[in-house]
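The structure appears right after this line, and notes come after that.
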Amino acid sequence: MKWFNTLSHNRWLEQETDRIFNFGKNAVVPTGFGWLGNKGQIKEEMGTHLWITARMLHVYSVAASMGRPGAYDLVDHGIKAMNGALRDKKYGGWYACVNDQGVVDASKQGYQHFFALLGAASAVTTGHPEARKLLDYTIEVIEKYFWSEEEQMCLESWDEAFSQTEDYRGGNANMHAVEAFLIVYDVTHDKKWLDRALRIASVIIHDVARNGDYRVNEHFDSQWNPIRDYNKDNPAHRFRAYGGTPGHWIEWGRLMLHLHAALEARFETPPAWLLEDAKGLFHATIRDAWAPDGADGFVYSVDWDGKPIVRERVRWPIVEAMGTAYALYTLTDDSQYEEWYQKWWDYCIKYLMDYENGSWWQELDADNKVTTKVWDGKQDIYHLLHCLVIPRLPLAPGLAPAVAAGLLDINAK
C-alpha cells in the first residue's frame, strides 16, 4: 500500500494542514503570537515568547505561499511583532518573553534567536516588503553574538546586554541553528550557511553521537565535552532534558537529509555520512524510544543505556519521525520507511489528533491518556508542518522556499 507521493494522500494532508492553520490563527495577540491552550484559547499567564512568535511567522509564511486567505496578514503581524515589543531597541536582539506590561524575560537565548532567523528567512519567500530588512538584521545579530568563529559552532545564550554568556553549549539550539541556516542559504545563496550547518552536524552527530550508539548528547561545556549528568535532578525539562531526547535524534536525521539534498542541488557530492548517520539516528530512535514499555508512542527521554526516563509521549517526536521517514524514503526508496510512516499516522489519528477542541494534544502519559507533565496546552503549530507539508515536497530547497517556488506535489501522481 503506497501513500508517499500519491495525490489522494496529499489531499488528506492538505485538509489536515488547513485545520491546523485555522487553529493557529487563535494565537494572535498585540505583542506577537501567544501560547495556545488546549481549546485554542490564549494562556495569558504564559506571556508572548520569541520562539513561538518566530515559529508562527514561519508557519504563516508557508500558509501565505500556499494561497491561504488571511495568511499574509499574519505574516505582516509577525514581522511587526518582531520589530515591536519583543525587540530590544537598546542592546539589540530580542527578549525571550514579554507581555502587555513589558519585559518578562530579558535574556537573549540562542534557541529563540535561531527561530527568529527561521521566521525572517521564511517571511522573505512571501515577498513582504519588510522581510528582507528583518532577515538582514537577524543575520547581523546571529553573526555578532551567536555564531562563534573560534569554535565554529553556536553559543547558547547571553544576558540582556550581551555582556555575559553561559559556559554551556546546547545541542538543541545548535540543531535549530542548522534548520535556520538551511533556509537562510535558500534565500541568500550564501554557501557559508551550508558549511556552518555541515560543521555543526559533524560535531554533534558524526563525531559524538555516532560513537555512542547514536544517542545524541544534548549538553556540552564550552570546550564541547559532553555533560552526561546535566539536569539529572530535573529530567523532564522542556528544553534541556536529562539524558537523551530521542525526538531530537530523529529530527536531526531529517535536517541532515535536507543538507544532503542542498549539497546535491549544487552539484556537490555530499559526505556519505550524512545519509548513513541519518539512518542510524532513525533506527536508534525506534530502538530506544518506540513503545519500550509495551504501549505505542515515543517516550520523551532515555538514559545512556537507552532505558526510559520520562515516559510521557509528547507530540513533536512522532511528528518529526514522520518527516524523517519521508526524507529517508525519498533518498533510499526503501519501503520500511513508508511502513513506519503509515504506522505512526495510525497512532496519531487514534491518540493525538483532537477533532473536538482543535489541533493535536501536546502530551500523553504512558497509557496514551492526555496529561501535562512536560507541556501545558498546545503552544503553537510549527512542528506539525513537518508531517503535513514536508511529505509533499522535494528535500531541497527547504520548506518555505520550496512552497513559494510552487513545488508542492511536484512528484505526486
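FYI, residue positions are counted from 1 along the chain as it appears here.
Cβ from N, Cα, C; glycine included.
Annotated in Swiss-Prot:
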ACT_SITE  His248  active site, proton donor/acceptor
ACT_SITE  His383  active site, proton donor/acceptor
BINDING   Arg55, Tyr111, Asn172, His176, Arg238, Glu251, Gln362, Gln379, His383  6-sulfo-beta-D-quinovose binding site
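Feature annotations (Swiss-Prot) mapped to structure.
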residue	record	DSSP (3 states)
Arg55	6-sulfo-beta-D-quinovose binding site	helix
Asn172	6-sulfo-beta-D-quinovose binding site	helix
Arg238	6-sulfo-beta-D-quinovose binding site	coil
His248	active site, proton donor/acceptor	helix
Gln362	6-sulfo-beta-D-quinovose binding site	coil
His383	active site, proton donor/acceptor	coil
For Arg55 (6-sulfo-beta-D-quinovose binding site), the number of other Cβ atoms found within 10 Å of its own Cβ: 27
His248 (active site, proton donor/acceptor): tally of other CB atoms within 10 A of its CB: 24
CB within-chain contacts under 8 A for Asn172 (6-sulfo-beta-D-quinovose binding site), separation at least 6: Tyr111, Glu218, Phe239, Arg240, Thr245, His248
His383 (active site, proton donor/acceptor), number of other Cβ atoms within 10 Å: 23
Among Arg55, Tyr111, Asn172, His176, Arg238, Glu251, Gln362, Gln379, His383, the record's 6-sulfo-beta-D-quinovose binders - longest CA distance, Å: 20
Winner by Cβ contact number (other Cβ atoms within 10 Å) across the binding-site residues Arg238, Gln362: Gln362
Separation of alpha carbons, His383 (active site, proton donor/acceptor) and Gln362 (6-sulfo-beta-D-quinovose binding site) (Å): 11
